[in-house]
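Engineer: There's a structure below that I have some questions on.
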Amino acid sequence: MADQEGQFSFGTRLGLAFTTQSACCSALLVSGLLLYILYSAVVIKRGATRTWKVSTQVHCYFVNLLIFDLIQAIGGVIDVKWVAEAGVTEGPLCTAQGILKQMGDVGVALSSAIIALHTFCVLVLRRNAPPPVAAAVLILIWIFIALIVGLSVTTHRGQDYYGNTEYWCWITSRYGFERIALEYFWLWLAACINLVCYGIMALVVKGVLVVDGTRFRFIGWKGSSQNGLGSFNKVDKLTGADAIQSNAIAMRMLFYPLIYILAVTPITVVRFMAFSGSDVPFPATAFASITFSSSGVFNVILFSMTRPKLLPHRVERTPPRHFSFSVGLGPPPLPPLPHSPLRKTYSSIDSGEGPSWKMTPPMMPSELPLLHTHS
């Protein structure tokens with residue numbers, strides 16, 4: 001395909017400018033969070049009041065997701081050149097954009113799926129893989145992405161494999177099978193895994209679904225008030241404010257598949273319309289691209305809101321005797337100690353909220369969701 005310069009109308013350039021802005025926002029937020037994590041982990045000395053601790057596998061998966069979000073965003077930022085030139089010019093930069101887009105899209109999909117599967121195993125199945133598993137999974141993800149990109153470039157050397165796809169650079173229309181097999185299949189698979197895993201987790205936390213070992217029992221909404229997280233252990237039932245917080249976490253879990261599916265669906269529909277030869281209006285393409293380019297923004301906001309223990313946090317030097325609802329993931333809980341009833345304690349902070357309830361540490365589920373003492 002011959003290069004075509006100066007082909008974009010003002011409306012097309014405006015739409016691509018918005019796409020570039022959304023990619024820039026993702027890049028800034030993700031890189032800012034990564035730099036903050038790096039600063040906390042490397043620069044801040046041990047025992048400081050604010051620190052980053054990689055204490056669970058999900059920390060590693062989360063950082064890996066942010067890295068792929070950044071790669072994806074950088075690929076989108078390159079659109080600024082096509083906006084400035086009013087057209088796509090094939091060459092080394094175009095090829096680089098195609099590679100970055102494929103790496104970022106597939107990497108975000110695989111990382112999101114791994115986080116969903118890990119959370120499902122820990123929360124629902126009560127199984128936590130040994131630490132080396134996280135390193136092995138991350139290595140496999142990077143090897144897989146290196147293979148699909150490296151083999152594609154090597155196999156199609158001298159061909160227009162990565163090139164002008166009308167508004168930016170990606171896998172050209174001559175390679176429809178590769179588009180689906182090497183990118184879109186993994187996006188759809190990750191969306192399905194997110195939907196299934198987080199849907200089941202929300203039902204378990206709500207008490208609609210009870211897990212007994214590897215068996216699932218559907219209780220129904222009428223019996224949900226008597227089960228919830230207590231289905232893991234009969235003594236681990238939540239009441240009052242804790243039950244309200246449990247329900248809130250269950251509802252927030254649904255945002256994970258919802259946000260990911262909302263980000264993937266528009267671009268998928270637009271691509272399939274283009275694959276089938278249909279005339280896709282540019283506003284639809286621009287909207288789909290803006291939504292997809294904002295996945296880094298969505299991930300930073302979601303993880304900051306629903307997984308606060310993943311962010312560097314201030315360690316209290318004189319820990320107050322109050323409790324909070326955390327969504328951190330940790331090692332499997334120890335078996336319950338005999339004769340360890342609930343006991344009423346009063347918060348040292350005069351908040352007027354009355355007494356809070358606590359259990360002895362071995363009886364508390366340390367996974368998501370979790371009641372724990374600030375330490």
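Positions of Cβ are set from backbone N, Cα and C atoms, glycine also.
Got these off TrEMBL a minute ago, pasting:
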type: TRANSMEM; residues: 20-39; note: transmembrane segment
type: TRANSMEM; residues: 60-78; note: transmembrane segment
type: TRANSMEM; residues: 106-125; note: transmembrane segment
type: TRANSMEM; residues: 132-153; note: transmembrane segment
type: TRANSMEM; residues: 185-209; note: transmembrane segment
type: TRANSMEM; residues: 254-274; note: transmembrane segment
type: TRANSMEM; residues: 286-305; note: transmembrane segment
Engineer: In terms of Cβ proximity under 8 Å, which residues at least six beyond the ends of the transmembrane segment (254-274) contact it?
Structural biologist: 112, 116, 173, 179, 184, 187-188, 190-191, 194-195, 197-199, 202, 280, 284-285, 287-289, 291-292, 294-295, 298, 302, 306
Engineer: Taking pairs 6 or more apart in sequence, does the count of Cβ pairs under 8 Å between the transmembrane segment (132-153) and the transmembrane segment (106-125) hit 3 or more?
Structural biologist: yes
